[in-house]
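Undergrad: Submitted below is the structure of interest, expressed as C-alpha cells.
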Amino acid sequence: MASNKRYFSSSSSMLPWLGIAAVLVLLDQITKITITRLFVYGESHAVTSFFNLVLVYNKGAAFSFLASETGWQRYFFTIMGIGAAIFIIYLLKKHAGQRLFCWALALILGGAIGNVIDRVLYGHVIDFLDVHIGGWHWPAFNIADSAICIGAVLFIYDELRRVGK
C-alpha cells in the first residue's frame, strides 16, 4: 500500500500531514464562502475562453452521481466521508514517514472533510470551477474535489512505484 522509504524519524510525525489537510479544508471553505457571497445560484462568469466561475450545488457525489435521488444520499455520502477520514487518519499515523503516500492521504483527507462540511451545513456540496474546451464540458467542481483527485493520482503513482521495486 505504501512505499517502505521513511523520511521522518518517527511514526508519530503525522501532524504535518494533518496540517496540510487542515490548510486544504480552510482554502476550500474560504473559496466556497466567497463564491456564495459573490454569485447567485446558477450565475456564471467567464474567466478565460475555457474556464468559468459558476455557483452550482451538487447533492450527489462526483459528476453528480445520485444527485437526483430523494435525499438519502446526503447522509450516505456524509457517513462515507467521515468513515474515510477516520481510516485515512489511521493510515497517516501508521505510515507517517512515507512521504508520497502521506501527501496523497493528506490531500484526500482535506478534500473529504471539505465536502463533508458542505453536506452537513447545506445538504449539498458547493461547486464553482467550470472547465470547458470546444464541445467538451467537465462537470463543475471545487478545491476539495481537486485535492481528492490529485491525492488519488499520487496514491496510484506511489503504489505503482512500490510494486515496481
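Note that Cβ sites are derived from N, Cα and C of the backbone, with glycine treated the same way.
Pasting the relevant annotations from Swiss-Prot:
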ACT_SITE  ASP127  active site
ACT_SITE  ASP145  active site
TRANSMEM  7-27  transmembrane segment
TRANSMEM  46-66  transmembrane segment
TRANSMEM  72-92  transmembrane segment
TRANSMEM  100-120  transmembrane segment
TRANSMEM  136-156  transmembrane segment
Undergrad: Cα of ASP127 (active site) to Cα of ASP145 (active site): how many Å, rounded?
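TA: Pair distance, Cα basis, whole Å: 9 Å.
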Undergrad: Any residues 6+ beyond the ends of the transmembrane segment (100-120) with a Cβ under 8 Å from its own?
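TA: 1-3, 14, 17-18, 20-25, 28-29, 32, 74, 77-78, 81-82, 84-85, 88-89, 91-92, 126, 142-148, 150-152, 154-155, 157-158, 161.
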